[in-house]
Amino acid sequence: MTKQIMPITLSYEPAAACWGEKALISSSEQGVMVHLVGKGKLGAVQRAGRKIDGQGIRHVALVGEGWDLEKSWAFWQGFRAPKGNRSIEWPQLPAAEKQELESRIKIIDWVRDTINMSAEELGPEQLAKRAIDLMCGMACESVSYRIIKGEDLREQGYTGIHTVGRGSSRDPILLALDYNPTGNPQAPVFACLVGKGVTFDTGGYSLKQSSFMDSMKSDMGGAATLTGALALAISRGLKQRVKLFLCIADNMVSGNAFKLGDVIHYRNGKSVEVMNTDAEGRLVLADGLIDASKEKAKLIIDAATLTGAAKTAVGNDYHSVLSFDDKLADDLLTAAASENELFWRLPLAEFHRSQLPSNFADLNNVAASPHTAGASTAAAFLSHFVEEYQKGWIHIDCSATYRKSAVEHWSAGATGYGVRSIANLLLAKAK
């Protein structure tokens, strides 16, 4: 059976009146036309891609004038979906733009595919392997790594990852990946990336309701996003040494799972009382941040699907940014704007660091009433594990990583959002 390919063209004129006053697309024997009138043209192209896919059209060609890199990418973002096969015949682009488009497709599609995998398919070991495979596919000669898993984590002092992950039949893992293109094993580490990789989150004994648990295969979105960001930065020419720490575990209920009231003792001397096992992401990230701080890198970025509070604040369209470093926060917002991604800064102040009191440890893993700024106190908790937290450290609460249902510009599932912005920031800081 011959594959039917639908031509897609762009127009800057409104559709004919018969299509409706606000019609985004119209069709004829020549194919489908996308009508770009008013502001927000990239968003309109992405919505058109989603609408065309919704009509069951799976094979298209972007033809005619106006299809530059960003419009082509916007169309793919909307057109792509987790089920079924799709193909696009791309427009002719300059060589550099073609290479960038191919890199985005390879890497950000990897991020989306990885996050969309079921928890049965993607456990801690599988996530670590996928990250290694992607990075080796980008620059294998410059990549080395070590994996610490299971009881070795406890013996080597990675108490947060071990505590959260010990309740699962699948061993928790720390993946420490070193991208060093300099050829010098003594080269300084320019940046450290620390990602939350909870491959399924039941909430532990602070058990989630089904309506909150059903998307928790995506709770490793921070780890996937940072892996993709490093890969994209490499494809764009990053030549500085970067270390990636993925803190990977299942948060399950079992006779061996951690419990409310347990106290975790970390390598940096901090002790943490667990008063909510569903605030587990910060417990695993703490181990990665301790390692990152030891590297004395000038830039530390952590990313995690950390709090519902951030999503309540900014919705599903923005990632949240929290940092004590105003310049660094501004730099990330600038990077995001240049990559056509939406980030929003949430407050983080010194007083948030004291809103985690415990009667039995240095810190509580959740803030006590009346301290209700959940995203801010979660970031404040993390700051206790960053040596120089006031400068060079930024926390991204990944509110836009995953959608439980389709909207007008995204299919259901992972978005790959944030990969471009973080890659942009890495390159800007590496200059």
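Positions of Cβ are set from backbone N, Cα and C atoms, glycine also.
Listed in sequence order, Asp201, Thr202, Met216, Asp278 are the same-chain residues at least 6 apart in sequence whose CB falls under 8 Å from the CB of Lys208 (active site). Classification of Lys208 (active site) by DSSP places it in coil, neither helical nor stranded. Look at Swiss-Prot and you will find Lys208 (among others) tagged as active site.
A 10 Å cutoff on Cβ-Cβ distances gives Arg282 (active site) a total of 29 other Cβ atoms nearby, all chains included. Taken from Swiss-Prot, the feature active site covers Arg282 (among others).
Within 10 Å of the Cβ of Asp201 (Mn(2+) 2 binding site) there are 27 other Cβ atoms, across all protein chains. According to its DSSP assignment, Asp201 (Mn(2+) 2 binding site) is in a strand. Residues annotated as Mn(2+) 2 binding site in Swiss-Prot, with sequence analysis given as evidence: Lys196, Asp201, Asp219, Glu280.
Residues annotated as Mn(2+) 1 binding site in Swiss-Prot, with sequence analysis given as evidence: Asp201, Asp278, Glu280. In the three-state DSSP scheme, Glu280 (Mn(2+) 2 binding site) is classed as coil. Cβ neighbour count for Glu280 (Mn(2+) 2 binding site) (all protein chains, 10 Å cutoff from its Cβ): 29.
Neighbouring residues of the recorded Mn(2+) 2 site, listed in sequence order and excluding Lys196, Asp201, Asp219, Glu280, comprise Val164, Val198, Met216, Met220, Ala249, Asn251, Gly281, Val284, Ala304, Thr305 (Cβ within 8 Å of the Cβ centroid). Taking each of the binding-site residues Asp219, Asp278 in turn and counting other Cβ atoms within 10 Å of its Cβ gives the largest count for Asp219. Apart from the site residues Asp201, Asp278, Glu280, the chain places the Cβ of Val164, Val198, Thr202, Gly203, Gly204, Ser206, Lys208, Met216, Asp219, Asn251, Thr277, Ala279, Gly281 no farther than 8 Å from the centroid of the site's Cβ atoms, the recorded Mn(2+) 1 location.
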